[in-house]
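Below is one structure, written out as structure tokens; comments come after it.
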């Protein structure tokens, strides 16, 4: 009876466990189970220092995982605590286990101010990568001297370290392996025993040796990668009594670009959707690459980038947006993001950030009145290569105006129904195009001109703050054409968008001459 009871208790305990991956960075990283926030990874630094403090983490999972499997890296409990405690600074990131295996994302890289603290081998393809970072700038004197950081005593450096640009899901080489690794732990007597499931603890189990064909020696990073800060410097890793070695598979000489870049000789075809499989978010499909012209307009604000508006790529070097998004700004204060999907991931796979060569807003645009010339052309400093996540939309033509259009689609990262300043992933909504008579019934007559369009469902759905500059897209057979630019919506007393009213768009069909004269 006693044995049966023990078995039942053990099974209940295992049912409440999560499968923890190997942790090669236990000096700085733990898996924790917060009663309020759920499963999280916790990064602990001795303290923050005066000036720049940047923490970069990279996690990996087997297979093609939802981008929401890994949340945003944030100070814990808040930034004020990280700045002012004078003690260890903690950062947490929410994690979701693989629904099929129960395995949490594995930390494969952790760095502080460009100093690599630890790294581990990543899963074989197909796999998913998640890069997250947080940066704090501290003025004044440090609260206390920070002890020099050094790499964790158990870690592997990747041979031929490459940029973190290759993130999210990569497919190359052989098909996915179906086997899963086992993890080991050292028992008090020094014997190595297999551990498949761990109960949640405040501190994750320390990693211990696993047999490998041959140890992979750690390499010091190249001299060019050494940090410039006088308070953080590299020290060679201390050789522990027992080390964990990980066999790293030799990568292919060159990773193929899974976004199918077009060659220079390929004829440019506008308005075609990308061919990527969709991500799933909250039960709804938001296919990445479905609208490859969708662009993000950023403003440089002191020490950070601020997402402001949407835009549409219309050529290899030009984005069209609303004039009020860039009006009277200097070119060096604006950045354009292409191929973007997850705005919280600045190292998003396939995404590109572009500096601006020229900002040109319509000469008749004015902020003093409701403008029907709310258009701007943004020239990029370097041309882009089109692929599955970056491509142009077709411009409206005079011939298109001969066809009656009853509805269009708007995509963007604007404010959602919960009042969030921007959404992490883009949303798409269909809107009915209204007649001028119906439009005037909800707007002042002076706001509605022959160069404006009204569209909306008047049911709470539609574009909102942050969607400005995005396009009103019309489907024509297998292609999309750009009919209008999101310009103006009505706000309620709370500052939220009043989507029970129509939204005003700048009608591109009335500005084709100006656009074509400046399109280069």
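Each position is counted from 1, following the chain as shown.
Even glycines carry a Cβ here, placed using N, Cα and C.
TrEMBL lists region 'Disordered' at one of the ranges 1-30, 31-60, 61-90, namely 61-90. The average per-residue pLDDT of the prediction over the domain 'Peptidase S1' (280-520) is 81, rounded to a whole number.
Helix, strand and coil counts from DSSP across the region 'Disordered' (61-90) read 9 helix, 8 strand, 13 coil.
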